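Since the structure comes first, as structure tokens, the remarks are kept for the end.
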Amino acid sequence: MIRHLFKLIWNRKKSNFLLISEIFFCFLVLFAVLSLVVYNVRNYSKPLGFEYDNVWLLTSRADIDSTELRIAVEQQLAQKIRSYGEVEGTALVSSNSPFAFSQMKVWAQVEGGPRILVENIDVEDTFAEVLQLNVSAGRWFTKQDDAARYESVVINRVLQQELFGAESAVGKLITRNDSSQVQIIGVVDHYRGSSEYSEESPVLFTRINQQKVAVFWGEMLIRVKPGTGIAFEERMVKDLSGIAKNWTLELTTVEKMRQTKEKLSLVPMIAMAVVCGFLIFNVALGLFGVLWYNISRRNGEIGLRRALGASANQVYRQFIGEVLVLATFGLVLGVAFAVQFPLLQVFEVESIVYFIALGIAVGLIYLLAIGCAFYPSRQAAAIHPALALHEE
Amino acid sequence: MITLKNIEKVYQTKTIETVALHNVNLHIPKGEFVSVMGPSGCGKSTLLNIMGLLDEPTNGIVEIDGKPISRYRDNELAHIRNQKIGFVFQSYHLINDLSVLDNVELPLLYRSGTSAAETRHMALTALEKVGLSARTKHYPTQLSGGQRQRVAIARALIGQPEIILADEPTGNLDSVMGEEIMNILLNLNRQDGTTIVMVTHDENMAQKTERLIRFFDGQQVSDAKTNAYDFQQV
Ligand SMILES: Nc1ncnc2c1ncn2[C@@H]1O[C@H](COP(=O)(O)OP(=O)(O)OP(=O)(O)O)[C@@H](O)[C@H]1O
Ligand SMILES: [Mg+2]
């Protein structure tokens, strides 16, 4: 029977061409949207490497020229904040703090190796504690790094693998931005600070050492005790405004920053899904219409098959089967096209993402085809054989 | 083989009620070649459809091999059609997108347990019987009317049915081609013992069969052995 259906569809390929190409395009769009969704969902399910609950971000800006003065005020603010019982710790950080819209790229290179573009984040020693990073090799920054011969840095495992592969990175020297030699003292498990929906990229933590280079950072992460609420927030902002008069102080939670970033990732996905949904609805209508039309055109054939010994159920199965075969033709073309993405590595995305998307898209197309064929096929099976033969 | 008892067929439409068959009693014994004649609209096709289990009578009993068919479910009826009955239609009813060979093989598609090779072999044998061995790869639209009807007959006989129901098989053909078709049917009946019921408008054709039943307005008006029958018996 399956052979018969393939033969039938193949011999009717001209009249089925439109349907097959509709299925083909529908599959490609589904594949594209699903690839994006699978990519995002997979990233989302991976560890961030830090805990952002109960972490706030204080941004301070001042209209003062003197850097020393600004640093001094920043120190006072930090001291004041740490003095509250509700606060567990603070850490100065460069503007590319978790979920911020800011990046700072530097080149990292092992002698003789390739240059790798990495995210450089300047952090205070307390940063690992405030964000609860997990150091899996070596150690995090401490006071003893003040006296180190080379500037100490900590990297994430992604960077370790890119620089050294399976080898340990701890103690190794790398060149930063083609100029300074820095020494890796530790490796953190993960750090995926840009967005929950993006892949983990290589990260280099540089130690903030105000004794050596005095910089006004303007961004401070604050870990508060669980359950600390708005009342404390208001009180603290009021106290801080008293210290930093005429400064602009902004206090937000890292959670809020995460939400903003999330919207940015979800909006295009939702928009695409809506467009895709409309398209699929259209294709479904087309499919349904053509199937419906085909069946009324094929009354004589249906009557004949019944006369030759097909039961109503066999006619039903034949029509469902035909649609599945049609879908298969469209899918074979579509899959042949879609597998080029993982094969040619068009984008830097793991192949598995494409294969999952491909599998889901194939399944959805078959479901769609069966869904559209269901009712017309039932109608075909219900056609009275004598009537159908009579009409021809 | 087939027995009809008190068959009544009424077509009910919104406005009118048509009595297509009224009080039809018939017995077709095994191996007989029967022709059915009558004016247009007198119910001949309706009769054949009921005999062929494609339609149900409004009243009355249809028996196949002595068993009333009213008990059967749809798939069982389909099975009987497939095993015992072959149809030939005036308008051939070939599937244009399938080759001659594939068209002939159709009935075996609905019969489980026949291998592809076996099916092919049976189709070729059937085509040989109707003299179309040279046209197996053709498509119906590439054939003449007479050739198409021969394909349809090959399709009807591939499953070796006990009975062939032919509704005006020569109705669309000229007399020469009609003659050819008639000879094929006569051969089938005489050599293989296939029971045949044929509707025709052609008195000459009818006279070649053994028995002629005449219909008028849904009722049998005569039922008699023909000269051919007498001739055969002598
Ligand atoms: N589906 C139907 N609905 C309503 N009436 C029908 C239907 N099929 C047949 N009839 C009517 O039943 C009667 C018998 O029709 P049938 O087709 O059996 O005639 P016929 O003897 O085969 O005619 P012809 O020689 O023209 O083929 C006709 O009056 C016809 O109009
Ligand atoms: Mg008729």
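Glycine is treated like the rest: Cβ placed from N, Cα and C.
Feature annotations, courtesy of TrEMBL:
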- A:30-229: domain 'MacB-like periplasmic core' (DOMAIN)
- A:275-385: domain 'ABC3 transporter permease C-terminal' (DOMAIN)
- A:16-39: transmembrane segment (TRANSMEM)
- A:266-294: transmembrane segment (TRANSMEM)
- A:315-339: transmembrane segment (TRANSMEM)
- A:351-375: transmembrane segment (TRANSMEM)
| Within the predicted model, mean pLDDT of the domain 'ABC3 transporter permease C-terminal' (A:275-385) | 91
| said: Cβ under 8 Å, sequence separation of at least 6 from the ends of the transmembrane segment (A:266-294): give me the contacting residues as numbers and ranges. | reply: 18-19, 22-23, 25-26, 29-30, 33, 36-37, 40, 197, 319, 323, 368-369, 371-373, 375-377, 379
| query | Mind checking which residues reach the transmembrane segment (A:315-339)? Cβ under 8 Å, same chain, six or more beyond either end. | reply | 1-2, 5-6, 8-9, 13, 16, 19-24, 26-28, 31, 287, 291, 295, 302, 305-306, 354, 358, 361-362, 365-366, 368-370, 372-374, 376-378, 380-381, 383
| field | Secondary structure content, the domain 'ABC3 transporter permease C-terminal' (A:275-385) (per DSSP, counts of residues) | value | 97 helix, 0 strand, 14 coil
